[in-house]
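Undergrad: One structure, as structure tokens, below. Some questions next.
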Ligand code: 16G
Ligand code: MG
């Protein structure tokens, strides 16, 4: 153990690293020892669960210089919270106590070290990812684990592989070819039901964020038999990863990525750096930009599924899981018009995924474009007898096959959205007009210690510092259809502020006023937040 560790981690840095909302994320040069140690931990987790475990090397939408890691549990979901704690402990252990830290975990979890261990490893396109994934592989070998190195894959592809392996092929074949075949066959079957499927309607502009998603879209393309005609931008051939492009840029800046050539009314989408997020958008004829975020995606998919369930005569409860960031208009539309159950959780895929598991069918999406649908496989057992029911059941079955139930997946979500739009003969404008977003604004505030802010009610209320929530409530009261909340970020050292209201001006002023309240009451540092112009 010592020898390999010295090779990989001769200079563990003194930074305190935390396994956060979506794993470790920091400057790539601080991560070699963490990667090696997570290779060790993954083999322990594999022995504990007697299953294959995944390790993905990526920092998603962060700048190219950063990197990170996510651990994937047996069904393809995020690693269980108690093991996030072990990950943090192990990443920060001093070199001399590493062996005893490992022994502690082995004892606490009563792990039988003579069990076989199997770990799947994948990585994104960052320059540092190859070196860092080698450190993971070394860690796995060091504890005698078997390795399957998938090399360059999207995060959701690795989640999918892990799920396939642990369900012994029931979910699909654990190869890239298997993934493309499963998705493309389902897509082609679904689009046979399309209305007026002209070349114009089949056209989609895709912003690959100069990352792994772009490479994988190219691989998928051939299997789609021109049923989807993707025009790829930011394919990594010259631009920098996530720089002025990608889903995060588009959502936060509320404008198109650079490097894309959009005609009026053309349907466009952006992936993030590891292709587990997607947002759609278009420019209308007067040049104004329209964003269709995770809330619009959840609405489109849940509406479609609800109709199919009714047609197939299946009485199942469908719910949409959102976070506090969901636009108020989307929640209102889903509850009042669609009459579906809406549930709100804390930010972070693992919370939404967990909440969605409680329903017959759980559609979960964060406004930022992370999401998928769970539990659809239950349908496979329910064969309908009447013809029109059979037709709906067949559509459901193909939709199930198109959805990556292990985690949110930009490629799979894109194909689901494209299939639904094709089947309904719907344009992007028609989809957009299902409801109108309330104007909103997101800001950040720097404070000395963001842990001063503690929240409750799925992050919608601040319980500390005392008096902050009362101030927010008083500010919100001044505006029509207004709502605001604050929460400490789980990925950066700052506090996030969200406000929405009937007009953009009110949303902007409210967001600024709430930022000031945070600054004054929660230990703001640096310059006082300035009003938006
Ligand atoms: C991570 C989460 C994402 C969440 C974001 C919030 C995963 C895979 N990713 O990127 O779901 O929206 O963090 O960041 O869980 P914040 O805490 O800094 O606002
Ligand atoms: Mg991502």
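Start at 1 and count along the chain as shown; that gives each residue its number.
Including glycine, each Cβ sits where the backbone N, Cα and C put it.
Automatic, uncurated: that is what TrEMBL annotation is.
Quick caveat, the model's predicted, so the values are computed rather than measured.
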Undergrad: From 46, 51, 60, 489, grab the residue that TrEMBL records in the same Mg(2+) site as 272, 274, 276.
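TA: The one candidate that TrEMBL places in that Mg(2+) site: 60.
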Undergrad: By Cβ count within 10 Å, point out the most packed of the binding-site residues listed: 488, 490.
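TA: Max Cβ neighbours within 10 Å, all protein chains included: 488.
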Undergrad: Between C-alpha atoms, which of these binding-site residues comes nearest to residue 274 (Mg(2+) binding site): 366, 368, 496?
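TA: If we rank 366, 368, 496 by Cα distance to residue 274 (Mg(2+) binding site), first place goes to 368.
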Undergrad: Compare the Cα of residue 488 (substrate binding site) against each of the binding-site residues 60, 272, 276 and report the nearest.
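TA: Checking each of 60, 272, 276 against residue 488 (substrate binding site), the shortest Cα distance is to 60.
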Undergrad: Enumerate same-chain residues with a sequence separation of six or more from residue 276 (Mg(2+) binding site) and a Cβ-Cβ distance below 8 A; give 'none' if the list is empty.
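TA: Result: 60, 154, 155, 156, 349, 370, 407, 408, 409, 410.
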Undergrad: I'd like the Cβ neighbour count for residue 496 (substrate binding site), meaning other Cβ atoms within 10 Å of its Cβ, all protein chains included.
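TA: Within a 10 Å radius of the Cβ of residue 496 (substrate binding site) lie 23 other Cβ atoms.
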Undergrad: Using CB under 6 Å from any atom of ligand 1, narrow the binding-site residues 272, 366, 368, 488, 490, 496 to the ones that qualify.
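TA: Going through 272, 366, 368, 488, 490, 496 in sequence order, those close to ligand 1 turn out to be 366, 368, 490, 496.
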